[in-house]
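Read the structure below first, then the notes.
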Ligand SMILES: Cc1cc2nc3c(=O)[nH]c(=O)nc-3n(C[C@H](O)[C@H](O)[C@H](O)COP(=O)(O)OP(=O)(O)OC[C@H]3O[C@@H](n4cnc5c(N)ncnc54)[C@H](O)[C@@H]3O)c2cc1C
Ligand SMILES: NC(=O)c1ccc[n+]([C@@H]2O[C@H](COP(=O)([O-])OP(=O)(O)OC[C@H]3O[C@@H](n4cnc5c(N)ncnc54)[C@H](O)[C@@H]3O)[C@@H](O)[C@H]2O)c1
């Protein structure tokens, strides 16, 4: 809704899931908003990350479920063409018309083009036809510019035109031989998805000694076992020294630091992200640097004393997860609206708490890996009086009824002084929906003596709570 030529209460740069949410909340709070997007409204998440990756993983998950149950059998291999067609549907054929209408119906003004700060409260947009347009904000500019794949400086790697998450999630032809650099979320999910869809030789080159090295060690170990069982070659302590691809469409060879080499048809780089602060005009407001934008608990950029600049989602580097970015965006949009209208801006719902407790996260592999709060090593490093309790999920009737040879584990970290949970990690088939109960317990700091009265149903997987609490001594 424009109420002056190019003048809005709030301007959001970046229409990923996070920028869209910030605009929605600001408009709900009675403000006018413009949303500037250079590529596709919906962002990385909708087209090249969360949505397509989960569409590609779901058939693998179901196939594994069937394999684990005697009496059931798949009629044939996974129909890759059908899976890719369903993925195409899930990403709306890379057409953002629906997302643009959603933004316009907020109502907010959608501006296609590259946004760049042009001094305080001012945004210059380079439109697709090469023209420029200047927008002014009365109250706030929100940076929601996300992140881009990071390609490490390995000689020959960039020249080999590696796949990033974008090409991997948009795959049309699954390579027969795939080599993946990385052992984090993207590497694990995409290796398993592409292997299940036809990559016959999949090699993961993991620099660390474990997969998912920021999570509890048992989770990465269970996942590595599962990946290896399905035929993926997971190599630890494997660092690429140089990469060669003599012909653009020919095979690629990765030479490792230990002198060995891997040849493949395609190479996927999954080594983290670079936050989206490049060429967005930070210099025009006296900021510099390549790193995330530091924010306070109301999502306001701490380096801008006048307080008109906010940063939400991947670009602030707090937690590179869609649900966390959208949570930040709800706070941000509401705070901007409150401040613009002189309303209280310090209500409990208007401050970021969750990012500092340990964000909930699910790795959608088989086994699924789910975590919230602190790991044991984080809790110990922070000086908490820690007690750890672990339970084998195979001993929980609700779990072993699900499948033969059910393999899974759960670990809880207790603050012994307060007898509350600091963190929970669980890994196993189809456990992701159990994470929210753990998130509630960790976030709400429910005393274990109270949690004891939340009786889990028999025979459900959620009885692991009972097993944990009994093991603890209740
Ligand atoms: C393969 C993969 C799978 C993932 N799976 C999950 C998952 O299952 N669950 C989960 O929670 N998270 C997942 N993530 C992380 C998630 O994708 C990100 O945390 C999320 O996309 C961040 O949202 P955002 O809006 O901050 O940024 P983005 O989604 O990156 O959107 C930013 C938008 O800003 C636009 N933009 C940037 N600069 C400008 C500019 N100057 N002017 C105009 N527009 C601009 C971009 O074009 C983009 O559309 C995954 C990531 C990857 C790579
Ligand atoms: N299901 C999910 O929630 C999900 C799925 C995918 C991605 N994501 C998010 O997207 C972000 C990016 O994921 P990602 O997997 O790219 O990053 P990551 O930070 O999770 O993992 C990066 C991996 O690359 C390795 N690495 C880094 N630099 C390297 C180098 N120079 N050489 C060799 N190895 C190197 C690291 O050791 C690590 O194993 C993550 O923060 C994650 O939260 C979330």
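Heads up, the Cβ atoms here are built off N, Cα and C, so glycines get one too.
Keep in mind that what you see is a predicted model, and the values were worked out from it rather than measured.
Taking the Cβ of residue 145 (FAD binding site) as reference, residues of its chain lying under 8 Å away and at least six apart in sequence are, in sequence order, 13, 14, 275, 276, 277, 280, 315. The feature FAD binding site is assigned by TrEMBL to 54, 115, 145, 146, 147, 314.
Here TrEMBL flags 182, 183, 184, 185, 186, 187, 188, 189, 272 as NAD(+) binding site. Sequence-distant neighbours of residue 186 (NAD(+) binding site) (same chain, 6+ residues apart, CB-CB distance under 8 A): 53, 165, 168, 270.
Per TrEMBL, the feature disulfide bond maps to 45-50. DSSP assigns residue 50 (disulfide bond) to a helix in the three-state reduction. Within 10 Å of the C-beta atom of residue 50 (disulfide bond) sit 19 other C-beta atoms, taking all shown protein chains into account.
Per TrEMBL, the feature domain 'FAD/NAD(P)-binding' maps to 8-324.
According to TrEMBL, the feature domain 'Pyridine nucleotide-disulphide oxidoreductase dimerisation' maps to 360-464.
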Between the Cα atoms of residue 54 (FAD binding site) and residue 45 (disulfide bond), what distance do you get, rounded to the nearest Å?
11
Reduced DSSP assignment, residue 147 (FAD binding site):
strand
Near ligand 2, meaning Cβ under 6 Å from any of its atoms: which of the recorded positions 50, 145, 182, 272 fit that description?
182, 272
Rounded to the nearest Å - Cα separation of residue 184 (NAD(+) binding site) and residue 50 (disulfide bond):
14
I'd like to verify something. Among the recorded positions 45, 145, 186, 272, which ones have a C-beta closer than 6 angstroms to some atom of ligand 1?
45, 145, 186
Hey, for the NAD(+) site built from 182, 183, 184, 185, 186, 187, 188, 189, 272, who else sits with CB inside 8 A of the CB center?
190, 211, 212, 270
If you count the C-beta atoms lying within 10 Å of each candidate's C-beta, which of the recorded positions 45, 188 ends up with the smallest number?
45
Ten-angstrom check, please: count other Cβ atoms within 10 Å of the Cβ of residue 146 (FAD binding site), all chains counted.
24
